[in-house]
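I have placed the structure first, in the form of structure tokens, so that the comments after it can refer back to it.
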Amino acid sequence: MDAPWGAGERWLHGAAVDRSGVSLGPPPTPQVNQGTLGPQVAPVAAGEVVKTAGGVCKFSGQRLSWWQAQESCEQQFGHLALQPPDGVLASRLRDPVWVGQREAPLRRPPQRRARTTAVLVFDERTADRAARLRSPLPELAALTACTHVQWDCASPDPAALFSVAAPALPNALQLRAFAEPGGVVRAALVVRGQHAPFLAAFRADGRWHHVCATWEQRGGRWALFSDGRRRAGARGLGAGHPVPSGGILVLGQDQDSLGGGFSVRHALSGNLTDFHLWARALSPAQLHRARACAPPSEGLLFRWDPGALDVTPSLLPTVWVRLLCPVPSEECPTWNPGPRSEGSELCLEPQPFLCCYRTEPYRRLQDAQSWPGQDVISRVNALANDIVLLPDPLSEVHGALSPAEASSFLGLLEHVLAMEMAPLGPAALLAVVRFLKRVVALGAGDPELLLTGPWEQLSQGVVSVASLVLEEQVADTWLSLREVIGGPMALVASVQRLAPLLSTSMTSERPRMRIQHRHAGLSGVTVIHSWFTSRVFQHTLEGPDLEPQAPASSEEANRVQRFLSTQVGSAIISSEVWDVTGEVNVAMTFHLQHRAQSPLFPPHPPSPYTGGAWATTGCSVAALYLDSTACFCNHSTSFAILLQIYEVQRGPEEESLLRTLSFVGCGVSFCALTTTFLLFLVAGVPKSERTTVHKNLTFSLASAEGFLMTSEWAKANEVACVAVTVAMHFLFLVAFSWMLVEGLLLWRKVVAVSMHPGPGMRLYHATGWGVPVGIVAVTLAMLPHDYVAPGHCWLNVHTNAIWAFVGPVLFVLTANTCILARVVMITVSSARRRARMLSPQPCLQQQIWTQIWATVKPVLVLLPVLGLTWLAGILVHLSPAWAYAAVGLNSIQGLYIFLVYAACNEEVRSALQRMAEKKVAEVLRALGVWGGAAKEHSLPFSVLPLFLPPKPSTPRHPLKAPA
């Protein structure tokens, strides 16, 4: 082995060889310390390899971040330890070590970006240093201000980071701060002259910090954020009044008058840059985007631009600095040998780690230097006059690789591989794959390279070399290494990581970039184990349609598995969508065909180490059929998005939980509404305006929820998805229209108390069914191509299509809320008068109880038919709690209607009682015991009531469960 393995590696090649064939040799003699702490085992040495229950693990002497440690292990064809160390290894560790995850290859390091920006340098406190925005500000009912600041810790007096003075209000808005020596910087927000307390914002360490302040007129809610975390917040600051219009924004100074009145005492001492101002209060997620160099554009009043400022001459010339865009403070799993427990640390903190292997692949990697293909490695290294391809795949890489060197080495490697006539040997393939992984890993290293690195040239070189090692003549070599590398897709995944790095080279003048080597020569492709529900992938192939096939035996299945590890089923191997904040998940539904099982040849699950494995992150089983399984990834339609007016990105666990709750609640509501509608039809409830309204409401709402439950399966077909969206749009609008009719009818019966006949059911039917037809037709005519949202079957929130539903719903909910409030007032007044008539001097407790019940009762009775449970759906973009509330409230609406307007409704119960009496009478008549025949059989009429349910004895109240 090479020297870089270190002293701890040398004992690996001792005399002993274990039964698995891995040379372990005699371990180092434990060094015993006879101190006060008792005997202690010697710590594991750098480069030492120790046998574990699941294979072998090699201890690296380096301390790296979680992502760098994972990358280092992958370059050596291993992986981070997937479980806590056991046995002797656990007792020999001294520091916490990183622990991997079974889906770790799918995790990527955050792409730190660097950018150059102008900085205002306030190197000393003077009264003549300030930067003023030329244009006045509008009236602000809410605002957010963010900036990067480097505070001068030697100045203890309070200073203004920025201030806004209005014509009649000098202290309209300020953010003030001061530093405690050796402690923290405390900041306070001032709004309309009201001063919040000084609270700790960030450490007084002289470094750059990102500071944000938010404020809302309603309730005077304010919050202070620094470095992505909420530090303070409260209510009551300048509540009820906006920041007046005509305000002047000044950076670095307090204003005692409009645009002036500067003082040395309140002048900023430090550096300030990247100031942004919004006319709304940003959410924590949006503040994270602003901190990550991607400020939201909605409501943005001022984007950092020194050219838009009047800068005093003493601040000129401006200084340019390079800032690193922050990354999330994500935590990664660790194992602590002290308490022998699992924990977590910040992923960017350097920690030691273990690279682990299964026993057989590790034994093969040990023998790699004796494999064929060493001549290619020697030739490339000789031409480069450097170690480009490492003969030993288990050796650690020492020394940094610059982008220029990588580009030059890629050119040499491409030339040698193109001139090679014989198929590439296993040793050379391992070395080439490792070098490509090393080149791709450059993007996760120094953030400065993200702007300066020649990523387009490097990407072209990587794609060219990768194409050469994916040639058909190398298929046998890939098969021989399938347990070591995991198949060609491991190389494809590495190449794909270059795509986000290329975004630094794309501009508005060059919005597209294509890097290609040559066509892979796909023809006659056969897709194994799958079929396509959409023909979008088939269009990428210039050949006949794809025919799904399935293996007939276990032997054929194993052959197919080997085939899958070297063949592709589409010209599109993989695809991703990125924006400025990272990868964007795209919804996808696919079907897996079942394989017929034979009792003589039981199927063996494919090994992930032999290629052809499925990635399951964010995916779940959508449906099970007799011959197939439908799988879904990342997005679906639920109650939470019907009234959602902004796009909300949710995690796969949260999305799956919402989808499950929606489906279960929707099913319960659908069954309850269907039962209610059938009871209205079958029971023979007396006809009335209220009964007609409730029939139409339950029918339309049940139909809409039925289509909502089927929307999951409709996504696979574009036409079906559009049809389901149109049906849901129409039926939900019909349901809300009948909710409005219910409110108008309630107003006429309870509030107006008109003795004149109403407008008639024709007008009600025109409102309930005609208006929704018009709205849906107009929406389809105006937005034929932007009607359906991408990813699920519902209206598009990125266009005005969503307002064709949200607008009418808001109108109905507003009108019904006003009607309900008026009904409650009348009910409370009537209850108060009734209580006084029954008891001239009622006690205080009885009065309070009477008024509370008079308020709660109509709300409980009328809430479901007026649709007020849908109000939570408008707020789902604010917090996940509102999404769950919307799903819960809307799911129980149908059950609530059934309980109040069917199960507990006296008219329905009376109708059912009449039906029962009629059925019993028919049975008795059929038995010949009715009328005169009753005497012959000695069955008196007094027996008949025993077969019937008791009649209600309490009088009907007008607000008690009307039909």
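We number each residue from 1, going along the chain as drawn.
In case you wondered, yes, glycine gets a Cβ from its N, Cα and C as well.
The annotation topological domain 'Extracellular' is assigned in Swiss-Prot to 1-662 (among others).
What Swiss-Prot records for 18-38 is region 'Disordered'.
Marked as domain 'Pentraxin (PTX)' by Swiss-Prot: 116-325.
Positions annotated as disulfide bond by Swiss-Prot: Cys146-Cys212 (among others). DSSP assigns Cys146 (disulfide bond) to a strand in the three-state reduction. Taking a C-beta cut-off of under 8 angstroms and a sequence separation of 6 or more, Cys146 (disulfide bond) has the following same-chain neighbours: His210, Val211, Cys212, Ala213, Asp274, Phe275, His276, Leu287, Ala290, Arg291, Pro295.
Just so you know, the Cβ of Asn271 (N-linked glycosylation site) picks up 18 other Cβ atoms within 10 Å once every protein chain is counted. Residues or ranges marked as N-linked glycosylation site by Swiss-Prot on the basis of sequence analysis: Asn271 (among others).
The domain 'GAIN-B' annotation in Swiss-Prot covers 489-649 and is backed by sequence analysis.
What Swiss-Prot records for 599-649 is region 'GPS', and it gives sequence analysis as the kind of evidence.
What Swiss-Prot records for Cys619-Cys633 (among others) is disulfide bond, and it gives sequence analysis as the kind of evidence.
Swiss-Prot lists Asn634 (among others) with the feature N-linked glycosylation site.
Nonlocal intrachain contacts for the transmembrane segment (663-683), taken as residues 6+ away from its ends with a CB within less than 8 angstroms of a stretch CB, comprise 639, 691, 694-695, 698-699, 701-702, 705-706, 708-709, 712, 887-888, 890-895, 897-899, 901-902, 908, 911-912, 915, 963. Per Swiss-Prot, transmembrane segment is recorded for 663-683 (among others), and the stated evidence type is sequence analysis.
Over the topological domain 'Cytoplasmic' (684-691) the predicted model carries a mean pLDDT of 77. Residues annotated as topological domain 'Cytoplasmic' in Swiss-Prot, with a curator's inference given as evidence: 684-691 (among others).
Residues 622-623, 632, 636-637, 639, 659, 662-663, 666-667, 669-670, 673-674, 676-677, 680-681, 721, 724-725, 727-728, 731-732, 734-735, 738-739, 741-742, 745, 761, 764-765, 768-769, 792-794, 865, 893-894, 897, 901, 963 of the same chain lie 6 or more positions beyond the ends of the transmembrane segment (692-712) yet place their CB under 8 Å from a CB of it. If you look up Swiss-Prot, you'll see 692-712 (among others) marked as transmembrane segment.
Using DSSP to sort the residues of the topological domain 'Extracellular' (713-720) gives these counts of helix, strand and coil: 5 helix, 0 strand, 3 coil. The topological domain 'Extracellular' annotation in Swiss-Prot covers 713-720 (among others).
Feature annotation from Swiss-Prot assigns transmembrane segment to 721-741 (among others). Remote same-chain residues near the transmembrane segment (721-741) are listed as 642, 693, 696-697, 700-701, 703-704, 707-708, 710-711, 714-715, 764, 767-769, 771-773, 775-776, 779-780, 787-788, 793-795, 804-805, 808-809, 812, 815-816, 865-867 (criterion: CB distance under 8 Å, separation of at least six residues from the stretch ends).
Under the heading topological domain 'Cytoplasmic', Swiss-Prot lists 742-762 (among others).
Here Swiss-Prot flags 763-783 (among others) as transmembrane segment.
Applying DSSP to the topological domain 'Cytoplasmic' (684-691) sorts its residues as follows: 3 helix, 0 strand, 5 coil. Its Cβ taken as reference, Cys212 (disulfide bond) is surrounded by 26 other Cβ atoms within 10 Å in the chains shown. Under DSSP, residues within the topological domain 'Extracellular' (784-800) fall into helix, strand and coil as 1 helix, 2 strand, 14 coil.
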